[in-house]
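**Student:** Okay, handing you the structure first.
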Amino acid sequence: MEQEARVLRAAGGFGRARRLLASASWVPCIVLGLVLSSEELLTAQPAPHCRPDPTLLPPALRALRGPALLDAAIPRLGPTRAPAEALGVLSPSYLAPLTRAPRPSSWASCSGAAAGPTWNLVCGDGWKVPLEQVSHLLGWLLGCVILGAGCDRFGRRAVFVASLVLTTGLGASEALAASFPTLLVLRLLHGGTLAGALLALYLARLELCDPPHRLAFSMGAGLFSVVGTLLLPGLAALVQDWRLLQGLGALMSGLLLLFWGFPALFPESPCWLLATGQVARARKILWRFAEASGVGPGDSSLEENSLATELTMLSARSPQPRYHSPLGLLRTRVTWRNGLILGFSSLVGGGIRASFRRSLAPQVPTFYLPYFLEAGLEAAALVFLLLTADCCGRRPVLLLGTMVTGLASLLLLAGAQYLPGWTVLFLSVLGLLASRAVSALSSLFAAEVFPTVIRGAGLGLVLGAGFLGQAAGPLDTLHGRQGFFLQQVVFASLAVLALLCVLLLPESRSRGLPQSLQDADRLRRSPLLRGRPRQDHLPLLPPSNSYWAGHTPEQH
């Protein structure tokens with residue numbers, strides 16, 4: 001690890017070229033955040049309404065139209081035969097002459113102007129919405145795991161470019177889907193390719209930065225992703241059709257490929273090239289970094305050798321590329337445990353949000369207010385991490401976020417029926433904020449403790465665990481929300497367990513990225529609270545007079 005670090009310092013360190021490339025990597029996050037957030041808008045359920053169904057009325061009343069049909073269809077309740085409310089959800093015993101209107105959701109056009117068929121996603125077909133959500137999240141999970149391992153074998157740039165090509169094609173295909181099963185498969189594949197692009201971009205950015213700037217550039221990328229989330233409703237209001245919105249997302253992915261497909265804007269990670277022994281490819285990139293930073297490849301100082309000398313030494317040590325299987329993680333002593341703990345905390349942070357959203361729903365029943373609230377909470381969580389994770393350390397902040405998440409969940413679980421509305425709202429918002437912080441910090445923490453040779457696979461497993469947790473909400477909806485209370489109990493208990501596991505993690509703040517499996521195993525757990533420096537022990541007995549007679553105070 002020391003030799004690779006010397007090579008990067010000889011190439012100018014975190015100089016002008018690397019700063020510009022790391023900053024330019026923020027721009028694709030806007031598009032990726034917009035496309036990722038489109039899932040919530042595409043699957044938004046319309047408000048329930050009822051309409052008369054003439055086929056359920058007696059034959060003599062089927063010819064009625066307008067107010068007369070509505071008056072005949074509305075059930076009469078009680079001894080006074082008062083008409084029931086026509087809007088809203090009616091109880092099954094009074095639903096005989098009425099059916100819920102298939103009001104258009106995000107996948108159906110009210111005017112029928114959309115190209116191709118539309119699908120009814122309410123009433124008896126409401127199961128299609130959570131099924132699509134589960135399919136899309138499953139695609140993200142598989143993409144993180146499979147393409148994360150691909151990043152370690154083929155490189156960050158190769159996976160990023162290939163994922164953007166597939167994302168553009170699949171996004172355009174979704175806009176032309178002719179059946180719901182086709183759309184389901186396309187959404188699964190689309191989620192996987194988006195995960196690959198996001199993961200490769202995250203790894204390349206992190207490996208460009210030096211330890212003091214890793215947190216700032218990672219959180220900055222998250223804030224740009226929030227910008228894409230905030231832009232999505234405006235674009236949806238502009239195009240007024242979900243197919244056009246999907247086509248617009250594919251167009252923006254194509255523009256990303258047009259610009260970031262060039263090596264000048266997205267070069268291969270020199271950190272990965274050096275760790276896998278591809279010194280010849282790393283030499284070209286590092287020389288370009290050195291020239292852009294004003295450092296000559298042959299320049300050297302008294303403390304360090306020149307870039308050319310360091311690269312020559314690396315070439316002699318590793319003449320052939322060396323790739324590592326993700327299964328090598330099982331042969332480590334400490335790294336597998338760190339990955340397991342961070343994956344567990346990511347699972348809890350992603351899965352527990354459903355309970356907070358459920359508690360938040362009665363307080364803010366509209367769609368746009370919770371949407372913008374969650375986007376604002378994600379931005380607030382990133383700013384909180386930016387301010388605290390460097391000065392306090394990764395592990396204490398993750399411990400605090402996990403503790404707040406578990407405490408808010410337990411309070412809502414125990415007293416939601418007895419607490420006032422403003423308290424439930426406050427706990428829900430606090431829990432969402434803390435869970436967002438836990439998810440973001442778990443990803444950064446995992447990227448810092450996994451070695452470069454398997455960092456893609458390790459981070460992919462941690463991110464995939466978070467998407468697996470998020471799939472718990474749609475799965476419960478698919479079963480009619482019958483197990484929501486049990487799900488809330490399970491995730492609240494897991495949050496308490498994660499609180500204990502976080503104590504076993506090492507501290508990665510201000511440390512260089514480990515390159516090999518041996519480097520990652522050297523990251524050991526440090527004390528959580530730093531005490532005062534230990535003082536010199538004073539002698540139990542005062543020195544004798546003969547001691548003072550033979551020594552002056554200065555000599556003592």
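From the backbone N, Cα and C atoms, a Cβ is placed for every residue, glycine too.
Got these off Swiss-Prot a minute ago, pasting:
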{"type": "REGION", "residues": "524-556", "note": "region 'Disordered'"}
{"type": "TOPO_DOM", "residues": "1-23", "note": "topological domain 'Cytoplasmic'"}
{"type": "TOPO_DOM", "residues": "45-128", "note": "topological domain 'Extracellular'"}
{"type": "TOPO_DOM", "residues": "150-157", "note": "topological domain 'Cytoplasmic'"}
{"type": "TOPO_DOM", "residues": "179-182", "note": "topological domain 'Extracellular'"}
{"type": "TOPO_DOM", "residues": "204-218", "note": "topological domain 'Cytoplasmic'"}
{"type": "TOPO_DOM", "residues": "240-246", "note": "topological domain 'Extracellular'"}
{"type": "TOPO_DOM", "residues": "268-339", "note": "topological domain 'Cytoplasmic'"}
{"type": "TOPO_DOM", "residues": "358-366", "note": "topological domain 'Extracellular'"}
{"type": "TOPO_DOM", "residues": "388-395", "note": "topological domain 'Cytoplasmic'"}
{"type": "TOPO_DOM", "residues": "417-420", "note": "topological domain 'Extracellular'"}
{"type": "TOPO_DOM", "residues": "470-483", "note": "topological domain 'Extracellular'"}
{"type": "TOPO_DOM", "residues": "505-556", "note": "topological domain 'Cytoplasmic'"}
{"type": "TRANSMEM", "residues": "24-44", "note": "transmembrane segment"}
{"type": "TRANSMEM", "residues": "129-149", "note": "transmembrane segment"}
{"type": "TRANSMEM", "residues": "158-178", "note": "transmembrane segment"}
{"type": "TRANSMEM", "residues": "183-203", "note": "transmembrane segment"}
{"type": "TRANSMEM", "residues": "219-239", "note": "transmembrane segment"}
{"type": "TRANSMEM", "residues": "247-267", "note": "transmembrane segment"}
{"type": "TRANSMEM", "residues": "340-357", "note": "transmembrane segment"}
{"type": "TRANSMEM", "residues": "367-387", "note": "transmembrane segment"}
{"type": "TRANSMEM", "residues": "396-416", "note": "transmembrane segment"}
{"type": "TRANSMEM", "residues": "421-441", "note": "transmembrane segment"}
{"type": "TRANSMEM", "residues": "449-469", "note": "transmembrane segment"}
{"type": "TRANSMEM", "residues": "484-504", "note": "transmembrane segment"}
**Student:** So which of 129-149, 158-178, 183-203, 484-504 has the most C-beta pairs under 8 Å when paired with the transmembrane segment (24-44)?
**Tutor:** 183-203
**Student:** As a test of reading the model: what is the averaged pLDDT for the topological domain 'Cytoplasmic' (204-218)?
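**Tutor:** Mean pLDDT for the topological domain 'Cytoplasmic' (204-218): 92.
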**Student:** Quick check for me: are there 3+ Cβ pairs below 8 Å between the transmembrane segment (396-416) and the transmembrane segment (129-149), leaving out pairs under 6 residues apart?
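**Tutor:** The transmembrane segment (129-149) and the transmembrane segment (396-416): touching, no.
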**Student:** Can you say which of 158-178, 219-239, 421-441, 449-469, 484-504 has the most Cβ pairs under 8 Å with the transmembrane segment (129-149)?
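**Tutor:** So the stretch in question is 449-469.
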**Student:** At a threshold of under 8 Å on Cβ distances, which of 219-239, 247-267, 367-387, 421-441, 449-469 pairs most often with the transmembrane segment (183-203)?
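**Tutor:** Between the stretches 219-239, 247-267, 367-387, 421-441, 449-469, 449-469 has the largest tally.
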**Student:** Please check if the transmembrane segment (247-267) comes into contact with the transmembrane segment (158-178), where contact means 3 or more CB pairs closer than 8 Å and the residues in each pair are separated by 6 or more positions.
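**Tutor:** These two segments touch.
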**Student:** Who are the long-range neighbours of the transmembrane segment (158-178) in its own chain, taking Cβ under 8 Å and residues 6 or more past its ends?
**Tutor:** 35, 115-117, 143, 147, 150-151, 186-187, 189-190, 193-197, 199-201, 204, 243-244, 246-247, 249-250, 253-254, 256-257, 260-261, 266, 268, 456
**Student:** Who are the long-range neighbours of the topological domain 'Cytoplasmic' (388-395) in its own chain, taking Cβ under 8 Å and residues 6 or more past its ends?
**Tutor:** 212, 215, 441, 444-445, 448, 502-503, 505-509, 528
**Student:** Looking only at the topological domain 'Extracellular' (179-182), how are its residues distributed among DSSP helix, strand and coil?
**Tutor:** 3 helix, 0 strand, 1 coil
**Student:** What residues elsewhere in the chain lie close to the transmembrane segment (421-441), defined as a C-beta under 8 angstroms and at least 6 residues from its ends?
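**Tutor:** Contacts with the transmembrane segment (421-441): 219, 222, 345-346, 348-350, 352-353, 355-357, 359-360, 363-364, 373-374, 377-378, 380-382, 384-385, 389, 394, 397-398, 401-402, 404-405, 408-409, 411-412, 466.
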